[in-house]
Ligand code: NDP
């Protein structure tokens, strides 16, 4: 048996990398982990966590307005962007510290450096030039925003990375894309008082979600004052005296302070030594893995966004835990990518699990669709024009709930809980015999007794 410096070496200190390093180390393995930027990765440092803090900040403008309906008089309110950034940075630094502490406590060796593969068992640590060897290697280098370099003027645009560190809050912003990041940031900037336009190439924002919710969110965002341009893309961006001048494919011209591109993310696989080690990547630049997250090299695994399977933090963590089971607990475990609950932290939120109505209609001959649309209780006194949509998609043949979709307050929280019965294969009858919690919005999910409509062979009847 050859001897190695480490049992496991992990490249990348994000969600998947830290989890696999920490748990392997706590099992008594000798573990090293290298990160070139900050421990915590995209989620903690410039993704989910700071984004959610921004979402909270951006909701206060509506909270202040709504307060009047409940008898409150709120004095003149002002917003200080620098204070928010400072508070957010402090919290992120605290979380980064916890990530490092977790690794430290488990006795994993932390390297603050970029690391590259030299061969299938050798890693070069760039800061010192030192090389180390490992029996098993995990690549968990994540992804980065697609910079869209074909766009003239792309270098004048920002991505979500920079949005977390803008020196000043812009007065106006144009956000390109119709996915999670574009939609969430359009609502954040609008809530903070920025004149916001979203431009999306397709017919309706959030292409992978249920059509009903997409339309409902689109209407709600426009109602608030967010401008949404569909069927259009940015064609050029130029710097002028008044800001950034943007031309679109549909011949619109706009002048804004900031243009943000949110056009998907690219796996971080360049200059990692993958070729030298024999690790294969696909046409999108993602590391190719088998169902156990093993790459084309037997002792090298890859987890999280770098594999471009499902780009979500909990998925990377789950993949890491499956890796631990497979490699260190003699219990081969495949990550389960079916029925992943997810939320878009738009305003109103979207929470969803399972098949959309459109996907289910293609897969099953008959569906029952239960749908409720109503004004949430809080809006009665606040006077805010907002609606909530709840939808259950049921396979008529066995009555299983195969999709649950919510638009409205706390939809993300509800999606987490709905993930359990949908994953467990509960039927509509199981929902029906569950007592309602009153008065809540969620009680609608167990009180929709007859289908709103049916879909037979793809046709609504
Ligand atoms: P998404 O994949 O969600 O959206 C990308 C958007 O860019 C889509 O609307 C896509 O259009 C559009 N697009 C892609 N290429 C082009 C192009 N060449 N020209 C014009 N439009 C283009 O990616 P995001 O960047 O928003 O987010 C990255 C990932 O991060 C997400 O997939 C998600 O998994 C994760 N994430 C999760 C969050 C959460 O859980 N709440 C929050 C933020 C990110 P089309 O739809 O037509 O393909």
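Cβ atoms here come from the backbone N, Cα and C positions, even for glycine.
Because TrEMBL annotations are produced automatically, they should be read as predictions rather than curated entries.
Database features (TrEMBL):
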{"type": "ACT_SITE", "residues": "438", "note": "active site, proton acceptor"}
{"type": "BINDING", "residues": "52", "note": "FAD binding site"}
{"type": "BINDING", "residues": "177, 178, 179, 180, 181, 182, 183, 184, 264, 305", "note": "NAD(+) binding site"}
{"type": "DISULFID", "residues": "43-48", "note": "disulfide bond"}
{"type": "DOMAIN", "residues": "6-320", "note": "domain 'FAD/NAD(P)-binding'"}
{"type": "DOMAIN", "residues": "340-448", "note": "domain 'Pyridine nucleotide-disulphide oxidoreductase dimerisation'"}
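Known features from TrEMBL, placed on the structure.
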residue	record	Cβ neighbours (10 Å)
43	disulfide bond	23
48	disulfide bond	19
52	FAD binding site	14
177	NAD(+) binding site	25
179	NAD(+) binding site	18
181	NAD(+) binding site	23
183	NAD(+) binding site	29
264	NAD(+) binding site	17
438	active site, proton acceptor	8
In sequence order, those recorded positions of 43, 52, 179, 183, 438 whose CB lies under 6 Å from ligand 1: 179
Cα-to-Cα gap, residue 181 (NAD(+) binding site) vs the residue listed as 'active site, proton acceptor', nearest whole Å: 34
Distance from residue 52 (FAD binding site) back to residue 183 (NAD(+) binding site), taken between C-alpha atoms, in Å: 13
Separation of alpha carbons, residue 48 (disulfide bond) and residue 177 (NAD(+) binding site) (Å): 18
Structural state of residue 183 (NAD(+) binding site), classified by DSSP into three states: helix
The domain 'FAD/NAD(P)-binding' (6-320) [mean pLDDT, rounded to integer]: 98
Counts of helix, strand and coil residues, the domain 'Pyridine nucleotide-disulphide oxidoreductase dimerisation' (340-448), according to DSSP: 37 helix, 34 strand, 38 coil
Shortest C-alpha distance to residue 438 (active site, proton acceptor) - which of the recorded positions 43, 48, 52, 179, 264: 52
Assigned conformation of residue 52 (FAD binding site) - DSSP reduced to three states: helix
